[in-house]
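If you look up Swiss-Prot, you'll see His115 marked as active site, pros-phosphohistidine intermediate. Sequence annotations record features per position, and here Swiss-Prot assigns ATP binding site to Lys9, Phe57, Arg85, Thr91, Arg102, Asn112 based on sequence analysis.
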Amino acid sequence: MERTFAIIKPDAVERNISGKVLDRIEGAGFKIVGMKKIHLTKKEAEGFYYVHKERPFFNDLCTFMSRNPVIVLALEKDNAIAAWRELMGATNPANADAGTIRKDLGVSIEENTVHGSDSPESAAFEIPYFFSSLELV
């Protein structure tokens, strides 16, 4: 079994669609091994997204991610990283395949509902950024 990391972003929490996202996650066969609702500080968002610090969207991304609560999740499934990325869909909801979370629930490239690890290395950084080993079941 592989683990991946997911965030239900502030736009989804604000629109009260977190339950719809969680239904899709469980419906796709993922086991939720860690979950909590948190309100990131801008500094915490900057630490999490440090790999993008030189990108022009970095400041706006960190401001967005810290504007309201998020739900962070550790997910488990065979080939979890690829499976979660497929379920999320393309970053821009306009380009995402029908039936994906971002196509069906995303608003824009900025407010695209969910985040997911893009590699085993990312998951290895992202999961412990938010969860201690005692918080994962």
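Positions of Cβ are set from backbone N, Cα and C atoms, glycine also.
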Cβ neighbour count (within 10 Å, all chains shown) around Asn112 (ATP binding site):
24
Rounded to a whole number of Å, the separation of the Cα atoms of Arg85 (ATP binding site) and His115 (active site, pros-phosphohistidine intermediate) comes to 9
According to DSSP, folded down to helix, strand and coil, what is Arg85 (ATP binding site)?
helix
Considering all pairs of residues in Lys9, Phe57, Arg85, Thr91, Arg102, Asn112, annotated in the record as contacting ATP, what is the maximal C-alpha distance expressed in whole angstrom?
21
According to DSSP, which of helix, strand or coil covers Arg102 (ATP binding site)?
helix
With the fewest other Cβ atoms within 10 Å, the residue among the binding-site residues Lys9, Arg85 is Arg85
